[in-house]
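Asker: Pasting the relevant annotations from Swiss-Prot:
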- 1-29: topological domain 'Cytoplasmic' (TOPO_DOM)
- 51-58: topological domain 'Extracellular' (TOPO_DOM)
- 80-111: topological domain 'Cytoplasmic' (TOPO_DOM)
- 133-163: topological domain 'Extracellular' (TOPO_DOM)
- 206-231: topological domain 'Extracellular' (TOPO_DOM)
- 253-274: topological domain 'Cytoplasmic' (TOPO_DOM)
- 296-312: topological domain 'Extracellular' (TOPO_DOM)
- 334-383: topological domain 'Cytoplasmic' (TOPO_DOM)
- 426-443: topological domain 'Cytoplasmic' (TOPO_DOM)
- 30-50: transmembrane segment (TRANSMEM)
- 59-79: transmembrane segment (TRANSMEM)
- 112-132: transmembrane segment (TRANSMEM)
- 164-184: transmembrane segment (TRANSMEM)
- 185-205: transmembrane segment (TRANSMEM)
- 232-252: transmembrane segment (TRANSMEM)
- 275-295: transmembrane segment (TRANSMEM)
- 313-333: transmembrane segment (TRANSMEM)
- 384-404: transmembrane segment (TRANSMEM)
- 405-425: transmembrane segment (TRANSMEM)
- 444-464: transmembrane segment (TRANSMEM)
Amino acid sequence: MDIKEDDESRVITPTELQLHDSVTARTGTLWTAVAHIITGVIGAGVLSLAWATAELGWIAGPAALIAFAGVTLLSAFLLSDCYRFPDPNNGPLRLNSYSQAVKLYLGKKNEIVCGVVVYISLFGCGIAYTIVIATCSRAIMKSNCYHRNGHNATCSYGDNNNYFMVLFGLTQIFMSQIPNFHNMVWLSLVAAIMSFTYSFIGIGLALGKIIENRKIEGSIRGIPAENRGEKVWIVFQALGNIAFSYPFSIILLEIQDTLRSPPAEKQTMKKASTVAVFIQTFFFFCCGCFGYAAFGDSTPGNLLTGFGFYEPFWLVDFANACIVLHLVGGYQVYSQPIFAAAERSLTKKYPENKFIARFYGFKLPLLRGETVRLNPMRMCLRTMYVLITTGVAVMFPYFNEVLGVVGALAFWPLAVYFPVEMCILQKKIRSWTRPWLLLRGFSFVCLLVCLLSLVGSIYGLVGAKFG
């Protein structure tokens, strides 16, 4: 039988979200904001930080981590001032999303550019997660093989991860039929717990390796390359990996919208950002520096799948299993906004088309007779998206290179350019004054770094594919 789209399954429009938000009680505090930020930034990106630190060396590696922390914190301060409009302290209009703020301050064209960058970033995360989950699944099998047959055994399990990527893609085709983001709270919670678990295991294993070695590995210049030009591009690729891990600009205004007042939301948000960035940086230092200190020039691109650790094999397996569970949920967290935007656009453009607007109900015995609602457009669109991300991952299964490209593409526009431009407009900073020059200079330097990181990451991606 067919069922008309009901309130639960349809896509909510921005106007309805704003009306719904206006009657929502805001009870958030400093510590809930800190928790939201930390949960949002601790993810698969931490697995590459040891490699990035190793490529940069003992001086440039920690310095880069601190520099990106400073840029992220400044971005958070600028963005938190844009939450209320037009006055940052008492403005009557609250902006509860990043895109909404960009549209109001910078106009429709900038909102479109912002949306394109966001969706490219989310798409890139889906590709990266597909690569990582295949690597981790294969690592679990190899770990058990090494434990049974010795560390010198031939445990290849094929020459690539394509089989595991296809399995993950099939799983995500099913998972992608979850109606919308509001039905995924449990999935996000599991993903957050898993990300912290495997990150702490990685730190613990690296620290144990340092104690076992009784020395700190590594050098000031980092891992040597074949020539100076090669080293330069790898360094910029490493910066792209760090850029992927740090920013939380996209979720900042949504978190700020949960805060109660007084005190003013921007004050609480700035304090929360400071605490969160401090914790984040300390955590990233542990992941990056402990990993490099443990393995030196042999630091793997992915700390938990490069087989620097063989024992305890059960703990290595458990860490990789946590990554798998995290990425099953994490893939959906990054994919659902793309699904929602595409479906909202098609529904608005073709409201009477049955293929797009009609839902069909089926009763499944396994669900105790409950009716499952399926929409043909949703099934086709989401399946096609999963197939594309899986296909790209199979074509370019290079973890660090893909992270570098995604990080370099998204960091400057989302964490620097838009916050700076909105701040200049909101505070009415006049051209060629000292604050204007400082903000524009800051934005320009970050742009140069991100462009070089993008070129370095693309160079590495092409080299890995065709070299």
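Glycine too: its Cβ is placed from the backbone N, Cα and C atoms.
Tell me about the setting of these features in this model.
Answerer: Taken as a whole, the topological domain 'Cytoplasmic' (1-29) shows an average pLDDT of 48 in this prediction.
Packing against the topological domain 'Extracellular' (51-58) from elsewhere in the chain are residues 64-65, 218-223, 234-235, 237-239, 241-242, 288-289, 291-292, 295-297, 299-303, 400: each is 6 or more residues past its ends and has a CB under 8 Å from a CB in it.
Within the chain, the topological domain 'Cytoplasmic' (80-111) has long-range Cβ neighbours (under 8 A, six or more residues past its boundaries) at 14, 17-18, 21, 118, 249-254, 256-257, 264-266, 269-270, 273, 414, 418-419, 421-423, 425-427.
Through the fold, the topological domain 'Extracellular' (133-163) approaches residues 302, 304-305, 307, 310-311, 313, 316-317, 320-321, 323-324, 327-328, 331, 393-394, 397, 399 of its own chain, all at least 6 residues removed from its boundaries and within a Cβ separation under 8 Å.
Residues of the same chain lying 6 or more positions beyond the ends of the topological domain 'Extracellular' (206-231) and with a Cβ under 8 Å from any Cβ of it are 50, 54-61, 287, 290-299, 303, 308-309.
For the topological domain 'Cytoplasmic' (253-274), DSSP puts the residue distribution at 14 helix, 1 strand, 7 coil.
Sorting the topological domain 'Cytoplasmic' (426-443) by DSSP state (H, G, I as helix; E, B as strand; all else coil) yields 11 helix, 0 strand, 7 coil.
Tertiary proximity for the transmembrane segment (30-50) is limited to same-chain residues at least six positions away from its ends with a CB under 8 Å from its CB atoms, namely 65, 128-129, 132, 192, 195-196, 199, 202, 206, 241-242, 244-248, 251-252, 255-256, 258-259, 268-269, 271-273, 275-276, 279-280, 283-284, 287-288, 290-292, 294-295, 299-305, 323, 326-327, 330, 399-400, 403, 407.
Within the chain, the transmembrane segment (112-132) has long-range Cβ neighbours (under 8 A, six or more residues past its boundaries) at 44, 47, 98-99, 102, 161, 165, 168-169, 250, 302, 323, 327, 330-331, 334-335, 337-338, 341, 385, 389-390, 392-393, 396-399, 402-403, 405-406, 409-410, 413-414, 418.
Under 8 Å from some Cβ of the transmembrane segment (185-205) lie the Cβ atoms of residues 39, 42-44, 46-47, 178, 283, 286-287, 290-291, 294, 303-304, 309, 315-316, 318-320, 322-323, 325-330, 332-333, all in the same chain and six or more residues away from its ends.
Same-chain residues lying 6+ beyond the ends of the transmembrane segment (232-252) with a Cβ under 8 Å from its Cβ atoms: 36-37, 40-41, 43, 45-46, 48-49, 51-53, 55-56, 60, 64-65, 68-69, 71-72, 75-76, 79-80, 98, 118, 222-223, 225, 269, 273, 276, 280, 284, 400-401, 403-408, 410-411, 414-415, 418-419, 449-450, 452-457, 459-460.
Long-range contacts of the transmembrane segment (275-295) within the same chain: residues 30, 33-34, 37-38, 41-42, 46-47, 49-54, 58, 61-62, 65-66, 69, 72-73, 76, 199, 202-203, 205-207, 209-210, 213, 216-218, 245-246, 248, 303, 308, each at least 6 residues beyond the stretch ends and with a Cβ under 8 Å from a Cβ of the stretch.
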Asker: Against which stretches of its own chain does the transmembrane segment (405-425) lie, if we need a Cβ under 8 Å and a gap of at least six residues from its ends?
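Answerer: Distant contacts of the transmembrane segment (405-425): 45, 71-72, 75, 78-79, 81-82, 98, 101-102, 105-106, 110, 113-114, 117-118, 120-121, 124-125, 127-128, 239-247, 249-250, 436, 439-440, 442-443, 446-447, 449-451, 453-454, 456-458, 461.
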Asker: On the DSSP side of things, how many residues of the topological domain 'Extracellular' (206-231) fall into helix, strand and coil, could you say?
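Answerer: Result for the topological domain 'Extracellular' (206-231), in helix, strand, coil order: 12 helix, 0 strand, 14 coil.
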Asker: So what's near the topological domain 'Cytoplasmic' (253-274) in sequence-distant terms, Cβ-Cβ under 8 Å and 6+ beyond its ends?
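Answerer: Those are 21, 26-34, 36-37, 73, 76-77, 79-84, 88-89, 94-98, 100-101, in sequence order.
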